[in-house]
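Novice: Okay, here's the structure, questions in a sec.
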Amino acid sequence: MPEENIFLFVPNLIGYARIVFAIISFYFMPCCPFTASSFYLLSGLLDAFDGHAARALNQGTRFGAMLDMLTDRCATMCLLVNLALLYPRATLLFQLSMSLDVASHWLHLHSSVVRGSESHKMIDLSGNPVLRIYYTSRPALFTLCAGNELFYCLLYLFNFSEGPLVGSVGLFRMGLWVTAPIALLKSVISVIHLITAARNMAALDAADRAKKK
C-alpha cells in the first residue's frame, strides 16, 4: 500500500482553511469589523467540522489534533491583541487571559503526552471530574468554547456599534450579557487545566525520582 499523506487528510485540509480564514480576519480587524468577525466566526465554525470529518473518515491524527489546538490558541490570542488595542484600560485582563489560555492548554497537552494519552482530550477516569465532563460531553465542550469565542467577538464588535436594537437594548450588548458568564466559566476551567496538569507533571517527576533511588 502507498504511504498515506497525513498532511492531505480531509480534517487537516479543513484546518488549513481555518488558518486562511483567521488570517483574513486579522487583516480586516483594524478597519472592517463585520468582515473581520464574519471570517473569524467562520474559522471557528469549521472547528466543529474537522472533528466530525476525522471520526467519519477515520483520519484522526496527532498532527491534526495539534494543528486544531494551535489554531484555536493563536486565533484567540490575535483577537485578544486587537481587544487590548481597542480597550487599553483592560489590557492587563486581556494579557492575563492570553497567558492563562496558552499556558493551561500547553501544559495540559504536554502532561497528557508524557502520560501516554494520544490526545489532550482523552481523560482517564482518575482525572479531574470537571475536565472529564468538559472533554467527554460534546454539548458542554461546544457551549463553553463557542460561548467564549462569541464573547470576545461581540466585545470586538461592541467597540464599533451596539448592533441592531432588540427593544431598547443593542444586540451586541445583549449578547455580551449572555456570553460573559460562559467566558468566565471557561477561564475557571483553564485554571483547573493548569493546576491539574501541574499536579500530573509533579507526580510524574516524583515517580521518576523514586525509580532512580
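Including glycine, each Cβ sits where the backbone N, Cα and C put it.
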Novice: Tell me if ASP68 and ALA210 end up on the same side of the membrane in Swiss-Prot.
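Specialist: Topology check (Swiss-Prot): ASP68 vs ALA210, same domain name.
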Novice: Using the recorded Mg(2+) 2 site (ASP47, ASP68, ASP72) as reference, state which further residues of the same chain have their Cβ within 8 Å of the centre of those residues' Cβ atoms, listed in sequence order.
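Specialist: Filtered neighbour residues, in order: GLY15, ARG18, GLY44, ASP50, MET69, THR71.
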Novice: Among 74-94, 96-116, 140-160, 175-195, point out the range having the most Cβ pairs under 8 angstroms from the transmembrane segment (28-48).
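Specialist: The stretch with the most contacts is 140-160.
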Novice: Please spell out the DSSP helix, strand and coil residue counts for the topological domain 'Lumenal' (161-174).
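Specialist: Helix, strand and coil residues of the topological domain 'Lumenal' (161-174) number 4 helix, 4 strand, 6 coil.
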